[in-house]
């Protein structure tokens, strides 16, 4: 038979997706460069048809076989030369430091690994000899994407995480052990030196398909598996036709300028699909059209971050995690990369968005888009559910502040227009004969009551009859804001399938696992053994944390008392000041300096207490990330409440009594 190369004999049989899963195939139309680059090598734009056997005569068949075998050998030789040329071009960027300790494998560094694929799960095109043909536009685009820092040097493996370290760092052994353990977990690493600083090295991390599936199942990540189907009776159909008529009527009206153009946003149909915790045993139930786009970039980064947090760098139960390596200087930084540049040479209206980041910048993260609604589904897909919920709350809070700001402005204008007609201000300003006692015993003279006329008018701006109405309005506003936000959050929770998310997807913190790995008990729900924190240990840590909280709160109260004492002392000093301007407006000088000192104390204590709250929360060793966040948020809330409102409580309930 004919001698053919490996590239000619590899054939993959596609599996057509079911009709039910077809509507849920999540493929964004906004990735003309990044999402299509993975398949540009396997699916070229101009694929030449494979050679088909033609009927030959007996005399010419042997000659044809010889010609075909020689052509196949020539193709193999050309491929080998191209491979050598690519290796020579890129070189080997490894460090000379610690070669005896660093036993990185050549295949994992340069991407020459055996990628095992499941042919029954993906729609894959046949490979042809197009690799050796002149490069098409798709290959040129893929090279540009690879050179932009989004992929490994082979242009196929996407970068999911980046580690940064210095060559001069003495932590070579820890770094070597950590990276070897990362490879043992299934990650692929590639080094690249910095272009501007020869001492900086980047480690690019790629998570292959098998590792993604393994950790997605272990982390109970919910993935879409079929489209939602709703039962509709005749009433719903009637209402649906009525709603269509209303939409047609609205189409004749002017378009709401605050709404985003649906044509400019990708059709993220993931929100219309049911989701379930990922399982490799039931992988055929999930709507997998493309391995490269099935897991979003935020999910891929989340999985890699999960591995980095739980990988050991030394022998010991607590010698694990990227956070400790960042603290001890082994690595300078660790971060997931963006999808690409947020800017483009071409306008988005004519050429479309390059990636989701470019689309978010053009339609959301610009000052020119301040009046537009937020693309929450796109934010959620790019940054994840937590960031998406945060911006949903921020947008809701900002919108609800509009009526509060309008009422506050109305109250301020009311005080401004009634400042001259206020009875209290009139009596103070017209008291020409009322003599006030001096503010101090030395260097203080008698003063008339009308000298504080300006101070009385300024006070009326913020303390008038309208402020009572404003206080009642804000109490009602706070209740309405909270209740309506609960409704909004419930809608997002259902649309994003986050109901019971903490119960299903929450995992133990790596610090908790490392601390209490020797003390285990059987989970009554899952029936599996898990680390357990004894009650005496938990109680002792909680008591230390509570003591630290009370100490910081008492420190805030002491600072407030110190500001009050300062105001009493400064009032006498400013009243007897030699400068006439300060002596005349001693009330403004006292209040202004007191406010500045109080502001500096509040900001300084905020910085200090945030670090203290972080240390106290770590000392408690919470079981999960949600417990850690709740404990940290409670500490910050207590401190912020006392720190920001203690002065207000003093003025309202203690000043002048």
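Along the chain as shown, the residues are counted starting at 1.
Backbone N, Cα and C atoms are what each Cβ position is placed from, and that goes for glycine too.
Whatever TrEMBL says is automated annotation, not expert-curated.
Among the features that TrEMBL reports, region 'Disordered' is placed at 1-40.
The compositional bias 'Polar residues' annotation in TrEMBL covers 26-40.
Annotation source TrEMBL lists domain 'Anoctamin dimerisation' at 151-376.
The domain 'Anoctamin transmembrane' annotation in TrEMBL covers 379-656.
Annotated transmembrane segment per TrEMBL: 390-417 (among others), in sequence order. Panel annotation: around the transmembrane segment (390-417), residues 373-374, 376, 379, 460-464, 466-467, 469-470, 473-474, 477, 480-481, 484-485, 488-489, 492 of the same chain, lying at least six beyond its termini, place a Cβ under 8 Å from a Cβ of the stretch.
According to TrEMBL, the feature transmembrane segment maps to 467-485 (among others). Using a Cβ-Cβ cut-off under 8 Å and counting only residues 6 or more beyond its ends in the same chain, the transmembrane segment (467-485) has close neighbours at 393, 396-397, 400, 403-404, 407-408, 411, 415.
Taking Cβ pairs closer than 8 Å, the transmembrane segment (542-565) reaches residues 594, 597-598, 601, 605, 608-609, 612, 616-617, 619-620, 635, 638-639, 642-643, 646-647, 650 in its own chain, all 6 or more past its ends. What TrEMBL records for 542-565 (among others) is transmembrane segment.
What TrEMBL lists as transmembrane segment is 585-609 (among others). Within the same chain, residues 439, 452, 455, 552, 555-556, 559-560, 563, 566-567, 570-571, 574-575, 577, 636, 639-640, 643-644, 647 sit at least 6 positions outside the transmembrane segment (585-609) and bring their C-beta atoms closer than 8 Å to a C-beta of that stretch.
Taken from TrEMBL, the feature transmembrane segment applies to 632-655 (among others). Counting residues 6+ beyond its ends, the transmembrane segment (632-655) has Cβ neighbours under 8 Å at 545, 549, 552-553, 556-557, 560, 563-564, 598, 602, 605-606, 609-610, 613-614, 616-617 in the same chain.
Looking at the domain 'Anoctamin dimerisation' (151-376) alone, the prediction's average pLDDT is 83.
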